[in-house]
Amino acid sequence: MKRSLHSKEVANLSDVIKIDKLPEKAIIPMRQHDGIACAPLVKKGAEVIVGQKLGECEGSDLAYVHSPFCGTVNSIELMPNPSGKRILSVVLTPSECAQTVDFVPEKDAPPSRLIEIIKEAGIVEYYEKPTYLALKPGKRIDTLLMNATFPLITHAYLSSLDKVLEGFKLMLEASGISRGVIVLRADDKESIKAFKNAKVDGKPLTVAPIVGMRHADYYLEDVEDQIIVVAAGKITYTPTMMNLLSANVMGRKLPLGYEPPDVHVVVCGVKSAKAVYDAINEGKPYLESAVTVTGAVNNPKTVIVKFGTPIKDVIEACGGYKGEPGKVIVNGSMGGVAVYTDEAPVVKNTVGIVVQTEAEVLRDEATVCIHCARCVDVCPMNLLPGRIAAMADMGMFDRCREYFALNCIECGECAVVCPAKRHLVQLIRYSKLQIMNQKNETVEATE
């Protein structure tokens, strides 16, 4: 771990800039969510404007795709996305034209219409689920959690905190959920101060710590507020850690194989709350969001990026690479994915880009498992990482499902302690991908 990034490199990222320089090309994947890919609505040579719908799909799990740029469609072809998959994408040559579609606000819409607006806007949660589906899981839900434990992303939206809070209220209204809990890191002093100074319906927000058995329910029983804020430890809850978020904040532990809606909880992000505000109050689809760029770049910072902008253009906006890059990782050095090309675009669930130098990249050679069970000892989800990885290595993905591979939060603890240097996280992630592919193929076959 000595060669991992130092915290001081990411500590001074209070500056948030919007990338105004147009990329030479924009790559807009027709699938930016966990579901069926959209079909392109445009053809090669077509002129598009900002906000125009580029992709539409049918089914129960969809997220429409819109153009963040004016420009010309260069091609429609398979292009790599940040996860390494080749996805059918609309490739644009952006132009300086500022023309947009007519954005129509619908501030007084009823709840059923609010859900439809969120759906039409193509808003996707940081864990890749379309927001309109997350808000209506088909189960009884009593609490909406906003995961604001990514400090640098949360800081990017503090200047528009009133809009984030209004968007969160609209999500509660659209879903019919009675109460909301905003979760901050306990050491994120800047965000805690901002939320303490914020008001909802003219009243200051209640900001309370999660201590011992005092979970969010403890405070919700004593206040009449619809929304409260809690400071919950020093953990950043990544997309794979929603079960831990529900357990640690609400005190509702989930058995293996279950998800937060099974204990009456739904999770959303800060970015989606702001996007919901933009969709309902300004009529705008989901076109851009905040991304944190850290590591071996000359000017680490948080930037507001339009979806479809290649990663290399984002890094150039941060001063370019510092030295020769060894690895570029999207969405965190532990649980993220290393991209094989910086031509891959920023997409709706991108929250961060980490650049490592060659000296920082660990390239240990994997050997045979010695069955020491250290991976079992450290797994926070009480899984058998070594066993799941072995099954994945043999292509036995049904067995991986039986061993609850989908419950892995990809924290990396097992890989860190493994004396055989097995690529446990990569193998388990591969098994999860194959399991989800089988699920999607089954869904497509039945529709």
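Each Cβ is built from the backbone N, Cα and C atoms, and glycine gets one as well.
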According to Swiss-Prot, which candidate in C408, C411, C418 joins C369, C372, C375 at the [4Fe-4S] cluster 1 site: C418
Residue from C379, C400 that Swiss-Prot also lists as binding [4Fe-4S] cluster 2 with C408, C411, C414: C379
C379, C408, C411, C414 excluded, remaining Cβ within 8 Å of their centroid ([4Fe-4S] cluster 2): C375, V378, P380, M381, L383, P385, I409, E410, G412, E413, L424, V425, I428
Fewest other C-beta atoms within 10 angstroms, as judged across C408, C411, C414, which are the binding-site residues: C411
Fewest Cβ neighbours within 10 Å, where candidates are the binding-site residues C369, C372, C375, C379: C372
Cα-to-Cα gap, C375 ([4Fe-4S] cluster 1 binding site) vs C408 ([4Fe-4S] cluster 2 binding site), nearest whole Å: 12
